Amino acid sequence: MASELAAKAQGAFFEDDFERAVDLYTQAIKLNPNDADLFADRAQANIKLGYFTEAVADANKAIEVDPSMAKAYLRKGTALLKHEEYYSAKAALEKGSSLAKDARFTKLIKECEERIAEENRDLNGSSVSNMVPQSLDRNFGNLEVAVQQQNETHQRKEKEAVNPKYRHAFYQKPEEVVVTIFAKGIPANYVTIDFGEQILSVTIDLPGDDVYHFQPRLFQKIVPDKCRYEVLSTKIEMRLAKAEPINWTSLEYVAEVVPQKINSPSESYRPTYPSSKPRGVDWDKLEAEVKKEEKDEKLDGDAALNKFFGDIYKSADEDMRRAMNKSFVESNGTVLSTDWKDVGSKEVVGSPPDGMELKKW
């Protein structure tokens, strides 16, 4: 069934119906999520639509499934190049070139080097006003089509942002930006996070639920190798290492904003939070409220039970902890006592629930 959907998707792609191709590839992936070709081919369709961050995420997934797939590195490098992530694009293309001999790698690597040279000249004061990127012209045929494709991308993202599935926020320090997605109870194995030169890609793919994507183009460049993330019980926290000590006035890239460097951060520096309000915000109070919210969070099932026992253990004295450990181990997890005088001098016998039999393994 997945192969039939893939064939239909390929037909839609050749007919320039890229939206339908993406939809069909998505259906095929749900049936066969370990097929690297499906992700690589959907990446190509996303590139044609101008959905470059989605294309990078698909290419990364294809590489995760099959690290030797040169085609996946070609898709990743192409998408990053279109997204003006020239250093990351060049690295991906060079890796792909080492896996397969393909003239397209050589051509695109050369284009990356030209763009990097142009970018360096711009940083040295060269004027680039009114310049139209040639890559857009080559990708879409002409500027008018390129603008239309970009507008469609923005409209789609704006529609998704009306009712976001998970709330997110960020704050910054001189050397890093901390991004938080408030998603409770998400198992870490359903979360995929990729760091690019100026891209953050977060995917939450829970079984039986719509896939959540958060893929902003970041305000400034980061150092992917130094970035890290942690999936917690109440949130997903990502720490982005800044490439330069620049003050981020927003999380996402804004063309009209001129970056301002942070000159001399002191030891007493507090994280700065962008705000459109004219007066200051008591961030210490906000932090306390967030911690209180996490403390008062209502959990269900095993999570609530584990938290209950954890709270007891944390506040217990040494004898209570010894009693809890001894009773739990000796009863095979069926008895939990906090009375050391009661259980300290005897073996604790297991007490299974009604209708169940206690077995020792």
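The backbone N, Cα and C atoms fix where each Cβ goes, glycine too.
Sequence annotations record features per position, and here TrEMBL assigns domain 'CS' to 163-252. Residue counts of the domain 'CS' (163-252) by helix, strand and coil are 6 helix, 44 strand, 40 coil (DSSP-based).
Under the heading domain 'SGS', TrEMBL lists 272-361.
Distant neighbours of the repeat 'TPR' (2-35): 41-42, 44-46, 48-49, 51, 65; these residues of the same chain sit at least 6 beyond its ends, with a Cβ under 8 Å from one of its Cβ atoms. For 2-35 (among others), the entry in TrEMBL reads repeat 'TPR'.
Taken from TrEMBL, the feature repeat 'TPR' covers 36-69 (among others). DSSP labels the residues of the repeat 'TPR' (36-69) in these numbers: 28 helix, 0 strand, 6 coil.
Looking at the domain 'SGS' (272-361) alone, the prediction's average pLDDT is 71.
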